[in-house]
């Protein structure tokens, strides 16, 4: 019992505090920190101060429960370590560290290595930018496989109707995925002949594969000075264009080739009308980007179907231009990806204005607003003012509308296949509408429409009036854009006369056969 109770007995030490004896009692089970706080308090020293304790001979005494006891005749003294002393130690430690760091730097040539690594990175970035990591053979194999698969599908009767489109790619669905890899489409070197042809509405869009169209679009952005104006990273531009292509579906008409067609016509009009001399480079960027994005993720069924079928898009956008609103949303989803954001280096306020302008232009492509937009432009065109923001915005809306429905401006051999593609898409919709018991527009019904009847009214009452209004502002488009429309109208009217004559002849033949049967 005795030895057990003695282990719990408190311990007593005596301190010299300002010449007076101070008795300190503490448990043998106190921690050193608790004892230090007790000693600071007893010696009138602030808590958490670094201290040491010495005996009458100046020897250090450890501050812990095992410290030896003393008597009032042999007092311990508590001494605080001043900040000055600590500061000197810290300075000395910093000096030692600096010397060590300097020795390491000399030994391993850190600065030289840093410079060398920076230079090598710059060289690699330049190579990636110039060459685009030309995986031509891999990309070519992919394209060959796609063509073979499409050809087999076509021969197997997998397609609806008959579309003479040169290229048809299977629908892989939406692919709005981040692309952190280096863009892999090969960088084509455009000939001078191709560069000149790109600027004209006569450009044949059927002769180009997807990778070549991507390279042409990339060239347009560089040629117009948009890469420099918006401080675009060339690699980001490549990734953005790939993201755009992957988010166009493989519809008969509303596909990536249509996107390229509209963008090329916009590029052509910018050059033909000398727009960079009259408008800003920001305006050029808005026009081109809106053209590239204007039909993103088009499902192949128009707004009328969306609204009548009460689709998710129609519900989401309250029956107000559901497709055009969707195209805008997908466009800015792609731009929201850091690796695809071609406007990443644009100041926030400028970006907000660019975003709003692109949305305005894409929404203007809804044909339900055609009359409203054209009437507004007609009121402005006779006194048009390029310094008036409202006038310029209205012009940009009309320009994207012209480009969106400009196929008939092109030569007949380029334009006519587009009519077949559009009718195929129309017939797919009308067949589905009949199956679902929805209203069917006569111009989309395969039992009622012909190619001439589909085109004559559209050219006469939509295309020619709009282009002739633009002609007032830009007389240079008459020969190369407006006259081809008039020729196209005449062409389809001739075809209609032939169709009518053949129908009438067939009708008379049927009547004669019927009369002959009755005489017998």
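Cβ coordinates are placed from backbone N, Cα and C, and glycine is handled just like the others.
As annotated by TrEMBL, domain 'PDEase' applies to 178-499.
What TrEMBL records for 254, 255, 256, 257, 258, 295, 404, 455 is AMP binding site. Taking a C-beta cut-off of under 8 angstroms and a sequence separation of 6 or more, residue 455 (AMP binding site) has the following same-chain neighbours: 408, 419, 488, 492.
Feature annotation from TrEMBL assigns active site, proton donor to 254. Here the Cβ of residue 254 (AMP binding site) has 25 other Cβ atoms within 10 Å, regardless of which shown protein chain they belong to.
Sequence-distant neighbours of residue 294 (Zn(2+) 1 binding site): residues of the same chain at least 6 apart with a C-beta under 8 Å from its C-beta are 259, 262, 327, 361, 362, 365, 400, 404. The Zn(2+) 1 binding site feature in TrEMBL is assigned to 258, 294, 295, 404.
Residues or ranges marked as Zn(2+) 2 binding site by TrEMBL: 295. Remark: residue 295 (AMP binding site) has 248, 254, 258, 259, 262, 327, 365 as non-local neighbours, by Cβ distance under 8 Å and separation of at least 6 in sequence.
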Distance in Å spanning the most remote Cα pair of 254, 255, 256, 257, 258, 295, 404, 455, given for AMP: 23
